[in-house]
Amino acid sequence: MGFEMKPEKEVLELISSKNQCKSNPNSVKKKNKNKNKKMMMTWRRKKIDSPADGITAVRRLFNTCKEVFSNGGPGVIPSEDKIQQLREILDDMKPEDVGLTPTMPYFRPNSGVEARSSPPITYLHLHQCDQFSIGIFCLPPSGVIPLHNHPGMTVFSKLLFGTMHIKSYDWVVDAPMRDSKTRLAKLKVDSTFTAPCNASILYPEDGGNMHRFTAITACAVLDVLGPPYCNPEGRHCTYFLEFPLDKLSSEDDDVLSSEEEKEGYAWLQERDDNPEDHTNVVGALYRGPKVED
């Protein structure tokens, strides 16, 4: 943590005005010398603790996203170097970098009668363009973002604080579909994560493209999507129901024969109901550091 200090111009003006004092030259000169030395030392320590280039963490994230996704598009995965570049930025992100604390109203659990229902999840929109989007999901305890997909996207997720369970799947590409809305998927992640932890990455066809978030404690997740959802371009957010392999399988199905093979697989069925019927996400104004000019 750095020391609070006035802007450099004010500090230098203050030093200059003090040096112009002429009364009691010996004592005043010594006193001013000590004060000036202390102020300049404080200023130097403040500069050391600040970003070397004077750019905030969220601005650095924005600039990096512009570079990483500059030639992106549906199904286009950034190069490994660019993925690592963005991952390193996200790994260092902290709640205070985006103006969040766990005591904010977004993270309060339901109480009374409301405690029986899933608490609302707040989405803070930071930026969106054709190439990428940046946003934050704020989840109270027991908050759930249902199982959903990310068509043609590369997605970076950074848990800023709290504890969250993540379950994710990828499609089994060569397996026949159960019906027009039901496909076989293989489990990718089924684990609980606690901040601080590194960012996770999913890809168009790998890394757990369909995932569900469940808040164990109050938590916040910073999401970067490249490219973002876009209904006119066919990148819809689709929600799924999850069924054990035996639940929808028949005797004629020979997708997976042995019990060992069946472990870690499930049927994912596209939901027909309105997403608003099973999601409780509300938008709120982002009040953290500026993302762009």
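Counting starts with 1 at the first residue shown.
Every residue gets a Cβ built from N, Cα and C, even glycine.
On a predicted model such as this, the values are computed, not experimentally measured, just so you know.
DSSP assigns HIS148 (Fe cation binding site) to a strand. As annotated by Swiss-Prot, Fe cation binding site applies to HIS148, HIS150, HIS211.
According to Swiss-Prot, the feature region 'Disordered' maps to 250-293.
Feature annotation from Swiss-Prot assigns compositional bias 'Acidic residues' to 251-262.
According to Swiss-Prot, the feature compositional bias 'Basic and acidic residues' maps to 269-279. Listed by sequence, the residues of this chain that lie at least six past the ends of the compositional bias 'Basic and acidic residues' (269-279) yet keep a Cβ under 8 A from its Cβ atoms are 121, 145-146, 178, 181-182, 237-243, 248.
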Task: Cβ atoms near HIS148 (Fe cation binding site) (within 10 Å, other residues, all chains) - done: 19
- [ ] Report the residues of the chain - excluding HIS148, HIS150, HIS211 - with C-beta within 8 Å of the mean position of the site's C-beta atoms, for the recorded Fe cation site, in sequence order.
- [x] LEU147, ASN149, VAL155, SER168, LEU202, GLY208, ASN209, MET210, ARG212, CYS237
- [ ] Quick one: give me the count of other CB atoms within 10 A of the CB of HIS150 (Fe cation binding site).
- [x] 23
Task: Summary of DSSP states over the compositional bias 'Basic and acidic residues' (269-279), given as helix, strand and coil counts - done: 4 helix, 2 strand, 5 coil
